Each structure stands twice: as C-alpha cells, then as structure tokens.
Amino acid sequence: MDSEKSEWRSDVLNRLQNKYGSLYRRDNVILSGTHTHSGPAGYFQYTVFVIASEGFSNQTFQHMVTGILKSIDIAHANMKPGKLFINKGNVDGVQINRSPYSYLQNPQSERARYSSNTDKEMVVLKMVDLNGDDLGLISWFAIHPVSMNNSNHLVNSDNVGYASYLFEQEKNKGYLPGQGPFVAAFASSNLGDVSPNILGPHCINTGESCDNPNSTCPIGGPSMCIAKGPGQDMLDSTQIIGRTMYQRAKELYASASQEVTGPLASAHQWVNMTDVIVWLNSTHAAKTCKPALGYGFAAGTIDGVGSLNFTQGKTEGDPFWDTIRDQILGKPSEEIKECHKPKPILLHTGELSKPHPWHPDIVDVQIINLGSLAITAIPGEFTTMSGRRLREAVQAEFASHGMQNMTVVISGLCNVYTHYIATYEEYQAQRYEAASTIYGPHTLSAYIQLFRNLAKAIATDTVADLSRGPEPPFFKQLILPLIPNIVDRAPIGRTFGDVLQPAKRKYRVGEVAEVIFVGANPKNSVQNETHQTFLTVEKYEATSTSWQIVCNDASWETRFYWHKGLLGLSNATVEWHIPDTAQPGIYRIKYFGHNRKQDILKPAVILSFEGTSSAFEVVTT
C-alpha cells in the first residue's frame, strides 16, 4: 500500500497550507486526542501501533485526516469576533491514582505541597460572541477514558466523550449528536496515572483488594487484579463519571467571569527525543535514550490487564521472554540496556526498523499562548507529578522574563503519541507508566528543558530564532492490512438490508427495540460516504405525514453490532434502548450499509443499501 503521506499531522498541515496559505501552520495548530480506547485503529505509521490492528489502514487514516480538515473548515467558516473567559474548580469523586506506589517514590517534601495524588482541578475556557451568545468551550481535566474496559467491542468516546455529548445535547436543542453550532471539547491533561475506576483494584476471583506495589492477586496473579467504576456495568460507569464531569464543567462555564485578554503567540519545534542532553544542574548532564518498552508495559494496568500474566513493577527481565525476543527481533544493545536502567527492556523498539521504525524518534513540542493562558501541547501521557513539575517550570520561566501569573495547562496526547512520561523517581519503580516512558529515566527532565525553551522564546519575542528541528519521516510502503477485503454476500433469496428478525409491535419506555438485518462489512462505509450514519431511529409525525430522525449511531441510546458469518455473509443488529424521555408514538429503525461487489475480471465496487424495520409503537409505562 502506498500512502502519499502517513504522518497524519503533516498530512493535515499540508492540506491546510494548500487551502489557507500561511494562516494555519505547524506552530498554531494543535491536534489533541480527547482519548478513548474504543476507537478504530491502524492510522499511526509507527510499527508498534499497527500491530494490534494487523496493519496500517489507509481507509481509517484518510477518514480521520478528512474529518479533522472538515472540522477546521466548519470552524473557519463560522469564525466571528468574541470573548474568552477562564474558570477553574475541583471535580470530586471521579478519579483515583492507579499507581499510588509509584507516586510515593516522589520526594516527601514535594508530595507535602499537594493534598491529593491526582490533580482534581478542571480548567474551562469559555467562548462567546460579542452579544454574549454561547459558542463553545474547551475543558482540561486529568482522567483516563477507561470507564469502558477492554472487553468492549463497540466504538465509543468513553467518559470524556459522554461529558461532551451531554453538554452539546443540552446546548444544541433539536440537533442530532455531532451536529449543531455549540462545541464542547473535553481535552486530555496529565492523566497518566489517573483512573476513573474509583472502586479501586480488587481480585475478581476472591473480591479482596490488590492495591499492592505489583497489582497482583494471591490466586491468579496480576491478570485477576482489575479496578471497577461506580456503575452496575461499564456503560453505567461511563455515564456516571461523564455526567459528573459535565455537571462540573457546566457550573464552571456558567460562572466564568475572568476574561482572557492579551496577545496571541505560538512556538513549535521538532526534537529528536532519543538524543537530548539534559542538564540536571550546572555541572551534571544526562541523556535521553532510544525508545524501549519495559516488562511492566506488557502487564497493562488495573484498568486493562495484559494477557500474558506479566507483572507491574518488575526491575529485572525474564530469561524465557528475553530468549523469545532475541530469537525473533534480535538482542537489544548494551547501550540501550544501560541507558534505560533500572527498566528491564522487553522491546528495544528504538533499534527495530523493519518494516518501519517501531517508535517515533522525532517528536513535537509546542506552546500556544492566548493572553495569560499558556497551552502546552504534550506528545503523550504525563503522570500527575510530571504534569505538576512541567506546569511549575513553564510558569516560572514565563515569570522570569516578565510574564507574571500565567495559567499553564497541560494538554495531553497532542500531535504525536509517545506513550507515558513518569518522573525520574517514579521511573525507578517500573510500574506500567514508567515501563512505558520510552525515552528513559530523564524523559521528563528533557521535556521540561524543551518547554522552558519555548516559553522563553515566546516571552522574549525570539520565536523566529528557534530552530525548526528535524522533520518527522514519511514512510511510503506501510504494512498492508492482513485482514483481506472480501466480497459481501446475502443469503439465497435475500438481499442486503432485508429484515431477518423484526421489531415487536409495541414497546414500553425502558425496553430495548432490536432489529436484525442482512448486513455487510461496515468498513465498506468508510470508502463510500453516501450515508453519515449506520442507523437511524425515526418517529412518525402525523401533522407533516413524515418520518423525523430522533437518533443516529452517535446517540448513546443506540447500539450497532456487526456479526460476521462465513464466506461474506453477515448480520447487522440495531438496538434502541428506549429512554424514559421518549415521546409515545409510532417509530421505525433504519440501517444504512455498503456492500462490496466484484464481477470476474472487473474492479470491486461499493454499493450503498438501506433496510427499514416495520413500524412499532412506544408507550409510556
């Protein structure tokens, strides 16, 4: 597969330049993931990230780039003069630290300055037009979107996405999810060691707590140690945590009175993170390393355990796994092993380049200033204390050049993904976050140095003198997806979209309406955008004798399942979990799909189809 460009940020920036000239550039555009573990994969060019998706998916990649550009185009077209307001406040009862033993490695004197081992503060940036009418918000808060656990197979946006959904549904009355003018963005922050599964880690076989340095259970080991959220199941937990965040953001938004004023500024550099000299003090220097993942990475976390019974907090390797790795991938060099100590290296990704580099060497560092607000674009997941140290250092740097009282926010998962960034002290314990700190023990110190440098350039008006740094590479021949595209088939005597299991004639609110259709691979729909949704729920309006759409596939009360059969046969199941708020009346469910068809000696074509259920009645209890 030959992708024109497979580095998605560069692809977005190139297309923006073609359309808008020098208006949107590498220094003033941040791509920040709101973050979910329930999304499509295979769009990131480095080998580690396309193993799980069994290859690079150009469809997913192009779709994401197009979607990002479309959202920028819409925002550009709707741009108007307005005002910014900032507000801050704590959100309680939604987080725990999932590596408290790592946090305790940080100096007592430092920990004593904070009342909690997570950052509870939410920062809300409110946007209104000159009439004071609402336009949108960005909220930064440190929480992992892992309320949905790794047994989930449905694409969804987890707790932060649910918070965003609730806020937008409230402000965009009468619009379907994902439509309407008001945008509520819930952005990532220093969430590296923060879990929303607030009941804490327990052994799923015995019920006892496994809140210990290795997150392991007496019977069954680490794979039994899992943290649960406050709800009855993961969807319930997602909604409880998401609703709490939404409600707090709504309060902070409503009461925001501090206006953000002052000049705009931005600075960006590419940095080779494998080779940064870090000055620890005026006489001693250390160095970052080529990337590598430790044994604790394979253990996973209490939010999602690994499948091979690896343990967090291991500071020595295992001869069995070392031998397998050496046989398949070759031995890590003495240099990389020495550099990463005390991390026992499981995967020496920085020395693996077949078929492409396994991890990025070139990383983005970037700051955007909106008056007194500095947004630091972090290319990964900072732990709580890492975030505190960086914020403090950047704030002090601004202050030393005459810019007092800056608010510095950590915006996580920006521009490129480099796993986690633990503090030097947390690194010594080698739990998951430390084992996933890929550039070695001095990674955080390197970032602090780099971001201070950007802050200094902004404060002293010397951004023009910053070096661009080395551009990230483009890989041409990416790993072909191992999952073949096969032709879709309908059962004999049936056609795509036919109803196999009809709806019942009547439902009460609170029940689930379910319809099964003759289906086709949903991946086909990425290539052919005839329909913007896989499903609709529609209500009959007698006055206009027409069907009105009340839900789409982004609505939280709908579910879309695809069940793959043999030889291209498949079923699609649409569920509508009828909410208590549903109006009584006549409804129907529609399914929209695309099937792949191929005649002998001709190229494959993608054809759109739809299926419609029989009408059914919804009554209140």
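All positions are counted from 1 along the displayed chain.
Backbone N, Cα and C define each Cβ position, glycine as well.
Summarising the annotation, TrEMBL assigns domain 'Neutral/alkaline non-lysosomal ceramidase N-terminal' to 6-449. Per TrEMBL, the feature Zn(2+) binding site maps to HIS35, HIS144, GLU381, TYR420. The active site, nucleophile annotation in TrEMBL covers SER195. Annotation comment: TrEMBL describes 451-618 as domain 'Neutral/alkaline non-lysosomal ceramidase C-terminal'.
Here the features listed in TrEMBL are placed on the structure.
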residue	record	contacts (Cβ under 8 Å, 6+ apart)
HIS35	Zn(2+) binding site	HIS144, PRO145, ASP158, VAL160, SER188, LEU191, GLY412, LEU413
SER195	active site, nucleophile	GLN95, ILE96, ASN97, ARG98, HIS144, VAL146, ALA227, THR301, ILE302, ASP303
GLU381	Zn(2+) binding site	SER188, ASN190, LEU191, GLY192, GLY412, LEU413, HIS419, TYR420, ILE421, GLU433
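Listed in sequence order, the residues SER188, LEU191, GLY192, GLY380, GLY412, LEU413 complete the 8 Å Cβ shell around the Zn(2+) site centroid, once HIS35, HIS144, GLU381, TYR420 themselves are left out.
Cβ-based neighbour count (10 Å, all protein chains) for TYR420 (Zn(2+) binding site) stands at 22.
Within 10 Å of the C-beta of HIS144 (Zn(2+) binding site) there are 24 other C-beta atoms, taking all protein chains into account.
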